[in-house]
């Protein structure tokens, strides 16, 4: 592809981006999730409908709520430039032609933004009629204003992409939030027609500003790259709630105050992998978060659940889930050449991992048992809890983990 | 002989990159591994440190083959990779401790040496930081400290000069000389021919997975009398000759 054909470059990237989105959306909207969502939306819709029935004559807070929702909605859908870090090198010579690329980016972002505006408007429509007592014409005028406001806001973002038109952060925020607030305030409290006029003026003004500059603008490359990376990161984080996103490298946290804990955990042993695995598990965002999250959730559940056998099941499950999900960490350092270079046997690596696993799981089990017996004190409960968890630890660490780790090691 | 490579055939897949490579590094000797990009330098090094298994031939370090006694083999090698490799979750102090534990070194004596090296490379106030977040040059210095505090008998150094400031380059060369005078064997791959010429006792010129020529500078000069005196002249003559031959 010739580098200067920036129209095609954006189209190419967009198809790749949409492919990415589709791939992950398929993973998010699994059968079970869709069914759950179906019921959730149904319940929500029912509640909305019942709520609306009480607003036959409109309510004084109707316009205020509408203003709030519309203003927030106007911020949905950011400018998706699909700019990549390498562009600062490879597209720099084509900087003067980048407006063609940016125009596509703007149009795509506007389209996506418009869809969201339309969707929210549709949901809001019954409320506009009942809560705000607006006519359909007025509601339609508000929809058109919404789209024009979105156009102004997106143009405001594009404006930030050029050195000549960049504004200070405060001005930028004022534009992004000020235009919707003023437009919708006028539309809801004065008349939708005047709101529409304001929206037309702001959209026209933002477009005129761009037209003045973006033919000869110099791009704020670093800003563009950072913003796009931040936008993608938000997407990754969202998808990461449902599935594993490899682009989302886990963060490492220093947590200096926990250093004594790691020293205690690795003990006096001369096995280097004890040092590596304690620090690794303790400072890796994913692994540490997993242990803490599941332990805390388990403890909270135990506070509210008093049925002895259900509590026991929760404790066993929490310990199993933590242990099971920590096992792959054994392979965390396979990619590091020094792991293979050290004159250390695989046996001592396995041993060190199981040592660390034992401490973590025992700690979790102790915390859970303590909560359970503090909430529902009895000798019998303490005895059964301790026995069951000790048995689980012995089976999991002594037998199951060994089986799995050996498979991983080979 | 500390490193002996005999009839080494190997590479990353079935298609061998190295075709019958032979050379050795004696105790107290610095050997420069020289060659164009893709000549097989890194592949050779990966074979020596045990990341790749030879398809044919033998590699002995201190008389030991990897397949016979992996622990004794690896125990002798200190390695500085071309790109710094660090554990993301370890501080500088822990990184060095890990190496000491892995090689079973006496921690008190080794820390003493490590502190001297850290001071030399101006890293002594960064012990509690994550080296994974350092700049390229500083990471490289960490790798140098990590390797040279061990006083290993064999050093494998892959293109060590990239990203180092001139002071650090000088310090590194001094360290290599010290190791050599202690009797260690050093195999160093590099493109910085001026440094190689000054500090290496012998040279192995790899080309297309084979040893094109090996020997001391006078031996190379004798082998290519028309090429010129410096290592760079000889190397360029060789490289250009190969290119013309291939055209």
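Glycine residues also receive a Cβ, built from the backbone N, Cα and C atoms like all the rest.
Some features that TrEMBL has for this protein:
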type	residues	note
TRANSMEM	A:21-48	transmembrane segment
TRANSMEM	A:54-73	transmembrane segment
TRANSMEM	A:108-128	transmembrane segment
TRANSMEM	A:134-153	transmembrane segment
TRANSMEM	A:174-201	transmembrane segment
TRANSMEM	A:287-305	transmembrane segment
TRANSMEM	A:312-333	transmembrane segment
TRANSMEM	A:353-375	transmembrane segment
TRANSMEM	A:382-401	transmembrane segment
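Tallying C-beta pairs under 8 angstroms between the transmembrane segment (A:353-375) and each of A:21-48, A:54-73, A:108-128, A:174-201, A:382-401 places A:382-401 first.
Within the chain, the transmembrane segment (A:108-128) has long-range Cβ neighbours (under 8 A, six or more residues past its boundaries) at 10, 14, 48-49, 52, 55, 62, 65-66, 69-70, 73-74, 76-80, 134, 138-139, 142-143, 146-147, 150-151, 153-154, 157. Most Cβ pairs under 8 Å to the transmembrane segment (A:174-201), among the stretches A:21-48, A:54-73, A:287-305, A:312-333, A:382-401, belong to A:54-73.
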